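Notes follow once the structure below has been shown.
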């Protein structure tokens, strides 16, 4: 092998090792794990093949409705399929006694008629769980049947190169949409749920989950990356339950109602206390004035009414008479 050929071969191996593999679903490694592969459309299944992706594709198993199932020797004792699922386009691969060597990327390729080839890539990673490692930035609560829009907008002003939306569950992460804005490529999702998204140049991104149900509850992550390596991540929790609404709006309305009620109660209490004190003061002043009027001495005689009978006893009409007279000095007379 000449030098240029060797260099090209090494370059090919390097690119294969370093190039990021776009996956549809990521699952944590376990000794007994399952790699889900369910074809969502209706079609005639002609062949299914599983591969492990490394520097090369390593065939694990192949299935044909005509020729049956063949599992390659390195995996014959460690993987299996459920017979009950093979007739319904469900070619989920099950592992038993898996080892750390089984960490990596796997590909499930289905050949159907008349749709053609359908492929799903699954990543197996070392992880204890996914939800605990990503605390949400916000929480959205909704009733079933609504269309929910999830939005993320970066704080920085750098141009966005890649946008990735994911749904995070304890047992797996599903890629909802991937946009390569530089090369104009959109990665087709294999998520078994219709998700509407925008893949256009801009400073923000959104997805729409139409007609939500309880199964749509969970964490949703938006990852934005720039060409220079800058990146931002937003995590939102969606809860779908009967009789629930957006908790932020509910808290706002409830808080405003409580504050308004407290304000009305305070104003009413102040007015009632003020009126009670005013009435007490008025009653006290009236009582004092009446009492002083009754105790005041009279220095006049009330005239006799002309309507009184003339033969009325003088004793009955007798009243106290007060006469003002000068005060005379009582000095003793001087004797001559």
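Placed from the backbone N, Cα and C atoms, the Cβ positions cover glycine too.
Following the DSSP three-state reduction, the secondary structure of residue 108 (disulfide bond) is strand. Close to residue 108 (disulfide bond) in the fold, though at least 6 residues off in sequence, lie 35, 37, 48, 49, 50, 91, 93, 119, 120, 122, each with a CB less than 8 Å from its CB. According to Swiss-Prot, the disulfide bond annotation covers 37-108 (among others), on the basis of sequence analysis.
Other Cβ atoms within 10 Å of the Cβ of residue 222 (disulfide bond), summed over all protein chains shown, number 25. Annotation source Swiss-Prot lists disulfide bond at 152-222 (among others), citing sequence analysis.
The disulfide bond annotation in Swiss-Prot covers 179-199 (among others). Look at residue 179 (disulfide bond): DSSP puts it in a strand. Taking the Cβ of residue 179 (disulfide bond) as centre and 10 Å as the limit, one finds 22 other Cβ atoms among all the protein chains shown.
Positions annotated as domain 'Ig-like C2-type 1' by Swiss-Prot: 19-126.
Taken from Swiss-Prot, the feature domain 'Ig-like C2-type 2' applies to 135-239. Within the domain 'Ig-like C2-type 2' (135-239), the DSSP-based counts of helix, strand and coil residues read 3 helix, 55 strand, 47 coil.
The phosphotyrosine feature in Swiss-Prot is assigned to 322.
Positions annotated as transmembrane segment by Swiss-Prot: 255-275.
Each residue contributes its Cα atom, and for residue 152 (disulfide bond) and residue 179 (disulfide bond) these two points are 14 Å apart. With DSSP classes pooled into helix, strand and coil, the tally for the domain 'Ig-like C2-type 1' (19-126) is 10 helix, 55 strand, 43 coil. Mean pLDDT for the domain 'Ig-like C2-type 1' (19-126) in this predicted model: 89.
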